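What Swiss-Prot annotates here:
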type	residues	note
DOMAIN	44-353	domain 'PPM-type phosphatase'
BINDING	Asp75, Gly76	Mn(2+) 1 binding site
BINDING	Asp75, Asp285, Asp344	Mn(2+) 2 binding site
REGION	360-392	region 'Disordered'
Amino acid sequence: MGALRRWLPCCCCCCRGGGGGGGGGSVGDGLVWDVALKAHASGDYSVAVAQANEALEDQAQVFVSPAATLVGVYDGHGGPEAARFVNKRLFSLIQEFAAQSGGISAEVLEKAFGETEEEFVASVQRSWPSQPRILSVGSCCLVGAIEDGTLYVANLGDSRAVLGRRSAAGAAHGRKGKNRVVPERLSRDHNVADEDVRRELKELHPDDSHIVLNTHGVWRIKGIIQVSRSIGDVYLKKPEICKSNPMLQQTICPFPLRRPVMSAVPTIKTRKLRPGDQFVIFASDGLWEQLTDEAAVAIVAGSPRRGVAMRLVRAAQLEAARKKDVKYERIRTIEKGQRRHFHDDITVVVLFLDKCRGKAGRGDEIDGTDGPVDVFSLSPDDREDPTRPVLR
């Protein structure tokens, strides 16, 4: 009953921090937003988003309570519908199942992911006759949860969670800076660019020599999609839908499937927090396409906390500009939609881990203001004062 009381008061207080698209952001760039710094049960967190697509396909949310902290980053593809659906349902399901089970566990997270997938698939099956495009909409899904000193990371797709932790190994090898902060990847990229993922798919589909194809130097499942696990992408999980409809065979699914070629079963990592653990970076692949794990961790470790998520976004944009041989200032003036030619939507949540090192989060650093982006807060304390992106 104690766990039930800890979770139930938080289950229906979802406050939207703005409306999606336009407005806010740093001077000269209306497509970036951030929550500079707020408190959670184990420290502080910082959030930032940069829109590149015509419709923002990334979604993010943070839940804060005395019992637990949840972080979600959802990177949509084919449209924003799946990511928005996950943003609406997943945390409620995690809270519901955690209350029933007496707390968060790997089983709770897997069950919540599975129920979210089932609900979205059911919604698609109702909608596709009037909106066939919805069959090809999907979302990567990355969730982090902290409860009772344990960190859980559940993942579908290629969004990524990277821990920054202090290492004492340098002294043993005669190097300076024995307490430097080093990265530890907490999630697995379900992307066929990874040879292990390609091998896994080939083993699951031994009778399909075209299960993964390299087109223009990029590996894709059936030559179509790079990620192997997601919420949605119903046309790649329910072959019977396309088989029964000639029109869909010509448009949405122009190839026969013997069986589903994608999965919604998450990879889940459980880790007891340790005194040397400093922070976790949760981000969509828009960040990781531009920055290595090492570079991202070094930026956070060497920067002030306030606005650190935005600092990562700007570093990614700088790298995108360098790759395209254009000035960073030019990217900041490019409209949504066109900006996708330079970088993807980028979403970053940096979660600092103070309490496990004997230091509580600082409530006086909570700040927020209105901004039109779908960054959600589920904190009970935010019912009358929702988390809102800060004008930077």
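In case you wondered, yes, glycine gets a Cβ from its N, Cα and C as well.
Shown here: features listed in Swiss-Prot, placed on the structure.
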{"residue": "Asp75", "record": "Mn(2+) 1 binding site", "DSSP class": "strand"}
{"residue": "Asp285", "record": "Mn(2+) 2 binding site", "DSSP class": "helix"}
{"residue": "Asp344", "record": "Mn(2+) 2 binding site", "DSSP class": "coil"}
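Residues Asp75, Asp285, Asp344 make up the record's Mn(2+) 2 site, and a Cβ search at 8 Å around their centroid adds Asp58, Cys140, Asp158, Ser159, Ser284, Gly286, Leu287, Trp288, Glu289, Asp345, Ile346, Thr347 from the same chain.
Taking a C-beta cut-off of under 8 Å and a sequence gap of six or more, Asp285 (Mn(2+) 2 binding site) has these contacts in its own chain: Asp75, Cys140, Gly157, Asp158, Ser159, Arg160, Asn191, Asp344.
For the binding-site residues given as Asp75, Gly76, Asp344, the lowest number of other CB atoms within 10 Å of the residue's CB is seen at Asp344. Confidence annotation: the domain 'PPM-type phosphatase' (44-353) carries a mean pLDDT of 93 in the model.
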